[in-house]
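The N-linked glycosylation site feature in Swiss-Prot is assigned to N20; the stated evidence is sequence analysis. For 23-43, the entry in Swiss-Prot reads transmembrane segment. For W41, the entry in Swiss-Prot reads site 'Seems to be involved in pH gating', with the evidence type sequence analysis. Annotated topological domain 'Intravirion' per Swiss-Prot: 44-97, in sequence order, evidence recorded as sequence analysis. As annotated by Swiss-Prot, S-palmitoyl cysteine applies to C50. The phosphoserine feature in Swiss-Prot is assigned to S64, S82, S89, S93; the stated evidence is experimental evidence. The annotation compositional bias 'Basic and acidic residues' is assigned in Swiss-Prot to 71-80. If you look up Swiss-Prot, you'll see S71 marked as site 'Not phosphorylated'.
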Amino acid sequence: MSLLTEVETPIRNEWGCRCNDSSDPLVVAASIIGILHLILWILDRLFFKCIYRFFEHGLKRGPSTEGVPESMREEYRKEQQSAVDADDSHFVSIELE
């Protein structure tokens, strides 16, 4: 028998868990957090288009207008547009020659 074979052959005791304190609450908490992180990462990679599309359109919608009279909706739209128009005047256009 060669020396290499003897080195690679595992002893039965080495197959067991060497962590005697695996019931430590910190180890358990770290394991749970690691598993949850892995699950969330997998879900994010699988459904990232749906998730980010929802957030992108959800943030652009603005406040809900249910139960608001049409005249108040129109007034709100005009205020929003005037705020956008006022912000446009702050930009400086630079022309390159």
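Placed from the backbone N, Cα and C atoms, the Cβ positions cover glycine too.
Here the topological domain 'Intravirion' (44-97) returns a mean pLDDT of 70 for the predicted model. Closest to C50 (S-palmitoyl cysteine) by Cα-Cα distance, out of the recorded positions W41, S71, S82, is W41. Within 10 Å of the C-beta of S82 (phosphoserine) we count 10 further C-beta atoms, all protein chains included.
Cβ neighbours of S71 (site 'Not phosphorylated') (same chain, under 8 Å, six or more residues apart in sequence): none.
Cα of W41 (site 'Seems to be involved in pH gating') to Cα of S82 (phosphoserine): a span of 42 Å.
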